[in-house]
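*Asks:* After the C-alpha cells below, expect a handful of questions from me.
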Amino acid sequence: TENSDRKLWRFCIVQLSLETLNYSIIYAFFVFFQSVVDDWIESYKHDRDIALLDLINFFIQCSGCKGVVTAEMFRHMQNSEIIRKMTEEFDEDSGDYPLTMAGPQWKKFKSSFCEFIGVLVRQCQYSIIYDEYMMDTVISLLTGLSDSQVRAFRHTSTLAAMKLMTALVNVALNLSINMDNTQRQYEAERNKIIGKRANDRLELLLQKRKELQENQDEIENMMNAIFKGVFVHRYRDAIAEIRAICIEEIGIWMKMYSDAFLNDSYLKYVGWTMHDKQGEVRLKCLTALQGLYYNKELNSKLELFTSRFKDRIVSMTLDKEYDVAVQAIKLLTLVLHSEEVLTAEDCENVYHLVYSAHRPVAVAAGEFLYKKQEPSASNTLYYKSIIIFILHEHAAYLVDSMWDCATDLLKDWECMNSLLLEEPLNGEEPLTDRQESALIEIMLCTIRQAAECHPPVGRGTGKRVLTAKEKKTQLDDRTKITELFAVALPQLLAKYSVDAEKVTNLLQLPQYFDLEIYTTGRLEKHLDALLRQIRDIVEKHTDIDVLEACSKTYHALCNEEFTIFNRVDIARSQLIDELADKFNRLLEDFLQEGEEPDEDDAYQVLSTLKRITAFHNAHDLSRWDLFGCNYKLLKTGIENGDMPEQIVIHALQCTHYVILWQLAKVTESSSTKEDLLRLKKQMRVFCQICQHYLTNVNTAVKEQAFTILCDVLMIFSHQIMTGGRDMLEPLVYTPDSSLQSELLSFILDHVFIDQDDDNNSADGQQDDEASKIEALHKRRNLLAAFCKLIVYTVVEMNTAADIFKQYMKYYNDYGDIIKETMSKTRQIDKIQCAKTLILSLQQLFNEMIQENGYNFDRSSPTFSGIKELARRFALTFGLDQLKTREAIAMLHKDGIEFAFKEPNPQGESHPPLNLAFLDILSEFSSKLLRQDKRTVYVYLEKFMTFQMSLRREDVWLPLMSYRNSLLAGGDDDTMSVISGISSRGSTVRNKKTKPATGKRKVPEGRTSLFLKFTRTDIHINCPYCSVFFSVTVLVCLNVIFSEQATSDLTWMLAQRQQEEAARQQQERAAMNYVKLRSNLQHAIRRGTSLMEDDEEPIVEDVMMSSEGRIEDLNEGMDFDTMDIDLPPSKNRRERTELKPDFFDPASIMDESVG
C-alpha cells in the first residue's frame, strides 16, 4: 500500500503537468526529493513506461515549458518529434526559466536540481540503470533537448546531462574499486593450498567479477553517449553559461577519476576553452585546472598539457577580468610545485603584479612571490632576498600584497631592528646603504599596515569597519610596536642622523605609537632621548621632507589626552623660541640698509625660514607674530628686486600659513571685530604682495605666488560664509579685473606651452622622461587651481574662453581638466557657458584673421582646427536638446551677430569680413530643436539683404552652408540625428502649438520679423504669423509680402533643391561612415589581444582562431581514440582495442554553434 510519501511523486508530476505552471511545486519537489526518488523507483518497477513518462515531463517542466508529453506521444513519437512539439508549446516571451529566475525560492534551485540527479543515479546504480531502457531513454531525451534552438531546453538539458555524467563517473569509480577488491580476494583464495581452498567461493568471486565487468562496460557506453552526444557539441555553445557548465564538469571528472579522464584527449578541451571570449568560461577552466594541479601526484600526467598551455596561463595573469587574473596567478602558484616549469621570465611577469591597483590580483601575486622565495627558518635571510627584489619606491604596495600570506614574517620587527642595529655575524655580509634604506622602508610600511589596518592609497575602496578580532589584533600590534621602537627609535635616529632619506622614514614611526605606554611602561627617559634626537636633526638638516617629518612627529606627540603632553610641549616651545629669535636677529642684519648681504647670511636666513615654515604647517605659531618679519622681507624683495628666490618662496609660504592659522582662530572661537579687521588687512596686503610677485623674473617664484593666490582667493571667496558663518562676511575678497587678467596671463604663459619650451620649470634637471612627467604634473596643478576659481565663480566665467580654446591643441595634457570645467560651468549657468564657448571660437577666429588676413583658405589646417573644436564643443552639450535649448539658441545669436559685425568696406556686394564664421557656427545647428531652427533662420534673415540671398560665389558658401543647416529637417517631423530627440516627442509638441487658422488681412509691403532672445524662451513676435509655421510657409509669406514675388519664388525653389541635395549627401556620408566604422572595428578586432581593456577579446567560433591553430595545439598529444576507456584493474586482462573515434579534433571549427 502507498503511504503519503509514496504519493508525493505522483502529486508533484500531476501539478507540474497543469497548464498553468506552478513553480512553487518544483521548489517543494526538491525539498523531499529523497522520498520522491524512492517513490519513483517503486513506480518504475511497477510500470516503467508511466514512470519514465513522469521523469520526461519532469525535465520538460524544469526547463520552464508548459507543454506535457502524453502517454500516446511517448509510445508513438520519436524524441525529435516530441521535442519539436514541446518547442511549439514553449512560451519564450518572458525569457525566464527556472535556472535563470531570481528570488529566494529559486536561489537553491540549481543545486537541488543537480543533487536530485545524483540521488537518482545513486539509488538506481545497483539495478535499474543496467536494464538498457531507463538510461537509454533519459540520455536520448537529454541529447535531443541539448541540441534544441530553445535556450531553456538546451541550458537545462545540458546541465542535467553533465550532472548525469558526473554521477555515472562516480558509479564507474566505485565499480573499479569493487573489481580490484574482488580480484584481490580471488587471488588470495586461489593461492591457498588445495585443502583449504573453497571452490564455491572461487566460483562466486569469478561470477561477481564478470558481473562487475559487464556493468562497467555498460557504464562506459552510457558515458560515451553523453560525452559524444552532448559535451563535444555544447562545450562550444553560443551561450557562455552552457560552455561554463561543460568545462566545470569535465574538471570534476578528471579530478574524480584521473585514471580514466586525466589525459590529453580530455585536457585539450580545457586548454582550448582558455581562449574563450567570456571571462566566466575562462574562470571555470582555471578553477578546473587548480583542482588537478593541487594534487602533486597528478603532476606527471599534466606535463604535456603544461608545456603546451603554460604560456597561455601566464598571459591570463593580465586578463581584463580581474577574477580570471586572480585564478590564473593562483594556478601558477600551484604549478610552482613542478620543478623548472616556469622560467625566470614567467615569474618576472607575475612578480610585477604585486604592484597592481586591484588588491586581489596583488595579493595573489604576493603569495606567488612568497612561495617562490621559499622562506627559510631564518627570517633574516628571507628579508635579505626580499630587499634585493623590492623596488624601493613601491614598498607599501609590496607589503600589502604579501600581508595576508606572510603576516608573521612581516611583523617580525625584532628581526628588522637587529639587522639595522646589530653587527653582522661572522661570514655574513653587511647590508649596503641601499639595502638599509629599503629595509627601513619595508619596516615603516609594515608598521603602518598593522596600525591602520587598511591598504595603501589607490588600492581598495576605503576604510572598512574592523571586526572585534581585528581590533584586538590592531591594539596588540600597536602595543608591540611602541614597546620595541620607543627604545630602539632613538638609537636608529642616532645611527642614521645624517641620512635624510632614512631619517624621514624613521621619524614617521611615532605616529603609530600608543603614547600611553610611555607612562605606563616608565619609558620617559626614552622619550627624552627621542626629543633630543629630533632637535639635533632639526639643527642638522634643511631638507624640506626631513623638517616636515620632524614637525609631524612633534604634532603626533603633542596630544593633550596623554600625560607626556607637557614634556613634549615644553621641548617644542623651546625649539620654536630659538628659531624665532634667530630668524629675527638674522633678518635684522640681512635687511640693513647700505650693506650688501653675503651668501652666508642668505643661507642662514633661508635655513631658519625653512625650519619655521615646516613647523608652521602643523603648529599654530601665532604668538610669535611672524607676519611682520615676513612682510618686511617680501616688501624689501619687491623694492630691491634682488632677493634670493628660495627666500621669497618660503617667505610667501610662511605668510600663507600665518593667514590660515589666524582664519582658523577667528572661525573656531568668538573673535572680536578688531581681529577680523586685522586679518582682513593682512590678507589684502598679502594678496597685493603675491600679485606683485606674479611679474617676477623667476619662474619658481611666480608659480608659488600664483598657487598661493588661487588658494587665498578660493578660501576668502563667498564660500567662506557657508555653514552659518555669516560673521565672516567682512573677510570676503573678490579679485578685481586686473588681478583676474594677471592670473589668466600666467596660465597662458606657463601652462599652455610646448614641452620643449618648459626649460625654467625643470630647475636644471636633465631632459629625461621623469622630469617631463613631473613638469607636466606641475602645470596640470596650476591649471586646476585656476579652473577651480572659474567653477566656484571667484573669477568671471568669460575668462574661461582663453582656457576652452586650448581644448583641442592640448587635449592629451589637459583635456580632462578643461572638459570637467566645461561641465561644471554649464551646471552653474548654461547660457553664460554657451556664450563663453562661442567667445573662445571667436577669439581663435580673430587670431587666425590677424595672422592670415581675411582672404584665408577655408581648407587650411587652422580653420579646420577651429571647426573641429566647434564640433567637440557641440558634443559636450549631450543628447537632451530641451535642457540646452536656450543655451544653444543664445550661442547661435552671438555667432550670427559676430559674423555680420564687420561689414565689408568694399560695399554690400562683398561678404562681411567675418562671414566665414558661419561655417564654424553650423557645427552647432544639429543641437537646435526643429522649431528653434526656424527661429534662428528668421533671425539670420534680419542681417541679410536681398542681394545676399542671391549670391552663389564661393565667398558666400559659409552663408549658404549655414542656411542649409538651419533648413535641414524643417519640413518634416524628424529631428537632428545627433540630438537623439525622438520624432514622437516633436510631434507632441507640434500638436500643442497649432498655428492660428483665422483669416487676417494682409497689409501691403513686406512684414518685418523680430527675434527676441531671453533666458526663459526664444520666440518670434510677429503680428501676422505663428512661430511654428514651417519654413515653406514663411517663405511663402515672404513671397506674398514681397514686391519681387518672382525672384523670391525662384529663391525658394532653389533653396528646396539645395536642401534635398544636402539631405542626400548627408545620407551618403552616413552610409560611408557606417561602412568605414565597421571595417575599422573589424580591423581592430583582428589585431586585438585578450588582455586589452578597450576591446572585447575575439575568439572565432567561441574558442579557436583557425584550424592551423588547432593543429599546432594538437601536436604531441594523443588523439587516436575518444571513446571513454576506463582503465583496467591491476590484475585484469587488457581489453580489445577500441574502435577509432569518429570525432576529428579539427572538425570543431566546421560545425556551427547551436
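Even glycines carry a Cβ here, placed using N, Cα and C.
Heads up, TrEMBL stuff is auto-annotated, nobody curated it.
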*Asks:* Select from 75-110, 1083-1118, 1119-1154 the stretch of residues annotated by TrEMBL as region 'Disordered'.
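*Replies:* Checking TrEMBL against the ranges 75-110, 1083-1118, 1119-1154, the region 'Disordered' one is 1119-1154.
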*Asks:* Need the matching range: TrEMBL marks coiled coil on one of 172-225, 982-1035, and I'd like to know which.
*Replies:* 172-225
*Asks:* Pull the DSSP breakdown for the domain 'SCD' (231-316) and write it out as helix, strand, coil residue counts.
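*Replies:* The domain 'SCD' (231-316) comes out at 71 helix, 0 strand, 15 coil.
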*Asks:* Which value does the mean pLDDT take for the coiled coil (172-225) in this predicted structure?
*Replies:* 87
